[in-house]
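J.: Take a look at what TrEMBL says about it:
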type     : residues : note
TRANSMEM : 5-21     : transmembrane segment
TRANSMEM : 27-44    : transmembrane segment
TRANSMEM : 49-68    : transmembrane segment
TRANSMEM : 88-106   : transmembrane segment
TRANSMEM : 139-156  : transmembrane segment
TRANSMEM : 162-180  : transmembrane segment
Amino acid sequence: MNIDLTIEIVASLFSILYLWYLMKEKVIAWPFGILASLLSIYLFMTSRLYSESILNSYYVLMGFYGWWQWNRPKTDPLPVSVWNLKTHIISIGTGLLLSAFLGYFFHTQTNADYPYVDATITIFSFIATYKESRKILSAWPYWIIINTSAIMLYIIKGLYIYAALMALYDVMSVFGYRFWLNSYHQQQQKVALETI
């Protein structure tokens, strides 16, 4: 087994553990995510998916941020929350604009493969990761779209284990959304009862 395949397998296992614990709102998710991202940086550089390498560097930083955010004392846990429509529109518009700029940069300045697809996945993953670190409910639907796009890119690049991981992430994202939605409804009921 070559080193790249070994790294892809180990990073995928850490990624699965990360998402499992994230769905369950467990702080232990973040160290697994950090480790998976560190391994993925190398793998994506060797695959000439430079935006993905940048993305995984961001994941490392956001992993520490999420770890800190979620590690609040139990008396003040970070609640699941929602964004309004205006915030989503601004987020999507900004994401599309930044994707075009990043894709253009990698298209004209590097030997990157599929720079626009890679850039779009990367930019929207930045947005979804931020939402995840703040427990914004709609992070999960963003991930379903992002992961589905990544499946196609990874298959084209021969990263079959990562493609399978993204398919699993899609399924887990549906459950993650349901778990967080349930938490959100419980929080809303608790607030309603406290105001009576």
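Keep in mind that glycine also has a Cβ here, set from the backbone N, Cα and C atoms.
Unlike curated records, TrEMBL annotations are generated automatically.
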J.: Which residues of the chain, 6 or more past the ends of the transmembrane segment (27-44), have a CB below 8 A from one of its CBs?
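T.: Distal contacts: 4, 7-8, 10-12, 14-15, 17-21, 50, 52-53, 55-57, 59-60, 63-64, 66-67, 70-71, 159, 162.
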J.: Which of 5-21, 49-68, 139-156 has the most Cβ pairs closer than 8 Å to the transmembrane segment (162-180)?
T.: 139-156
J.: Please indicate, using numbers and ranges, the residues of the same chain that are 6 or more beyond the transmembrane segment (49-68) and have a C-beta under 8 Å from a C-beta there.
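T.: For the transmembrane segment (49-68), the sequence-distant neighbours (Cβ-Cβ under 8 Å, at least 6 residues beyond its ends) are 27, 29-31, 33-34, 36-38, 40-41, 102-103, 106, 110, 112-115, 118-119, 121-122, 125-126, 129-130, 132-133, 153, 157.
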